[in-house]
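Novice: Have a look at this one.
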Amino acid sequence: FADLVLETWDLQCERNGREHRTAEMGCQQLVVRRGQPFTITLHFSGRSYEEGVDKLAFNVETGPCPIETSGTRSHFTLTDFPEESGWSAVVQQQDEDSISISLCSPPSARIGRYSLTLETSTGYEGSSYHLGEFFLLFNAWHPEDTVFLRDEDERHEYVLSQQGLIYQGAYSYITSTPWNFGQFEGDILSICLELLDTNPKFLRDQNQDCSRRNDPVYIGRVVSAMVNCNDEDRGVLAGRWDDHYEDGTSPMAWIGSVDILKRWKEFGCQPVKYGQCWVFAAVACTVMRCLGIPSRVVTNYNSAHDTNGNLIIDRYLSETGEEVRRSRDMIWNFHCWVESWMARPDLDPGYDGWQALDPTPQEKSEGVFCCGPAPVRAIKEGDLQLKYDLPFIFAEVNADVVYWVVRSDGSEKKSTHSSVVGKNISTKSVGRDSREDITHTYKYPEGSDKEREVFAKAEHEKRSVQEEDEGLHLRIKLSEGANNGSDFDVFAVITNSTDTERVCRLMLCARTASYNGTVGPQCGMKDLLNLTLAPQAEERVPLRILYENYGENLTLDNIIKVVALLTEYQTGDVIVAIRDVYIQNPDIKIRILGEPMKNRKLVAEISLVNPLAAPLNNCVFLVEGTGLTDGQQVKELEEPVEPQAEAKVRLDFVPHQSGLHKLMVD
């Protein structure tokens, strides 16, 4: 027999992409999921493959130092049946001069970029052909993959969906921000793999790092560390929370992960400026989804940052409601992290499923700024000894906040108010643009026997911070919507549920604030020295907050913090109430002109009405989404937008794939 000569071959990128749900990554590269067969076709010249005469074998290799024992290299021959524990090649179909072969990796294979080589031999003569490269991802559709997710709708939402919502605002006023995760957009997969190859563990020991890339727990920990740059590890994002973003991009201006990841790559893996918690979480979610791990962004309202692990956050206020002592312990209006779905074979049974991963740099874990993966089930049950970083995340959703009022003589009075931490934990619903409340997955109902049992198990007796009910109750209410550019009212509502008259001092103070709890200048104040409360009565005290007082100092978080202190003269007791008022920006409207058809240009009209009494100058619309020809687009307005006038721009986009298309506008 003459030698078997390979003439051409076809990696069938398009067909394999469809079958492996990776077609949106483009048909120019082969992207497949582990444990699932993919087909290649070989064309020979002169004669066809003869079973029993010719031998065909394949080599697959990943990483800079592929080794069989590390799982980063495999040599396997053509067989009759697939091999479940390793790589396999099986003849699928044979014609005169071509043969289709089904290749399959084990469901525990290392993910990454692979090279594929064919070895042919007839008798003692042999040849080797480099067939090209392919990418191997985790497979949420394979029952034996450690990221297997049973529900198809959830797989679609948490692996395949490129758009989503991130929840922000405040506990009492939840807002949603659209986000373009864009995990299938051009170059994102290679950028995500470069992120893995830039991490310090890889640089320290390339062989060991690549051999551990079959484990989503390991990958999650690496991604959590690499999305921030606090370890000087060439991470993706630099964080900043002080409203000074002149040398970069404001965290509030991002509306998608693609632009951030591409900038990181283009700038030689230098950190992109700037991110805050939702940006860190969203970029990490993009990377995890891109690699095939089901992931979602979650938001925790009234989120505690407990640095000393005692589950108590002490706050000190002056008698005018001003914070007088700043501790490292903080309460954030909201805090975002990522949940990723995976098995935890490294732990006892019962902790598979959603794992919390937090890429925002807060505390070090094993010497590195990363957090998780922590089983959400373990957080709920108070199993704080498990890996990774359970005590910190447990405190984020469970710590108590105690307010102390520091009097002019330096003495401190404990308030009867306890701010509840860990409220309305939120994520986007599966298949719908609505909010799903997942608080019950993190904690038992407040005050329940089970909740107290969990605290005892967590080796922290939850000290009750509620004093005895003195019969006076204080809360802050908001008038109709607080819109940017408008004046509005807040009310201190005081209830005297006793049968005696009470005389009190009421201090009401409003300040602009950031979502991480820092406050700015005062923008409203009322001090009533002698407020008489009739028995069994309710009193409403208004505070008018004027745009001329808050407009210039409002941060990009759009929050005004209102503090009320009620001091009863007879007992000296102090009650504190705090409310974060979210100032609503005007809505941006998107109108599609024309009938949407695949591969035909459409025009989107984007508009916004200026609600302010002054013109808006140097306005820019940022637009992201599938179908845009150049990824993110920037539309600058040449003219100022006069008060109450409408700003309007148009842009072209092409629906290049079937299905739903979304535009994100900021």
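Think of each number as a place in line: the chain as shown, counted from 1.
Cβ atoms are placed via backbone N, Cα and C, with glycine included.
From TrEMBL, for reference:
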- Cys277: active site (ACT_SITE)
- His335: active site (ACT_SITE)
- Asp358: active site (ACT_SITE)
- Asn398, Asp400, Glu446, Glu451: Ca(2+) binding site (BINDING)
- 449-466: compositional bias 'Basic and acidic residues' (COMPBIAS)
- 269-361: domain 'Transglutaminase-like' (DOMAIN)
- 449-469: region 'Disordered' (REGION)
Novice: Which whole-number value in Å describes the distance between the Cα atoms of Asp400 (Ca(2+) binding site) and His335 (active site)?
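Specialist: With the alpha carbons as reference points, the distance is 16 Å.
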Novice: So which active-site residues are near Asn398 (Ca(2+) binding site), with CA atoms within 10 Å, out of Cys277, His335, Asp358?
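Specialist: Within 10 Å of Asn398 (Ca(2+) binding site): none of them.
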Novice: For Asp358 (active site), which of these recorded positions sit within 10 Å, Cα to Cα: Cys277, Glu446, Glu451?
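Specialist: So far as Cα distances go, the recorded positions lying within 10 Å of Asp358 (active site) are Cys277.
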Novice: Inside 10 Å of the Cβ of Glu451 (Ca(2+) binding site), count up the other Cβ atoms and send me the figure.
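Specialist: That number is 16.
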Novice: Which ones, of the recorded positions His335, Glu446, Glu451, have a Cα no more than 10 Å from the Cα of Cys277 (active site)?
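Specialist: Cα filter at 10 Å returns His335.
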Novice: Could you round the CA separation between His335 (active site) and Glu451 (Ca(2+) binding site) to a whole angstrom and send it over?
Specialist: 22
Novice: Please identify, from the recorded positions Asp358, Asp400, Glu446, the residue with the sparsest Cβ neighbourhood, meaning fewest other Cβ atoms within 10 angstroms.
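Specialist: If we count Cβ atoms within 10 Å for the recorded positions Asp358, Asp400, Glu446, the smallest count is at Glu446.
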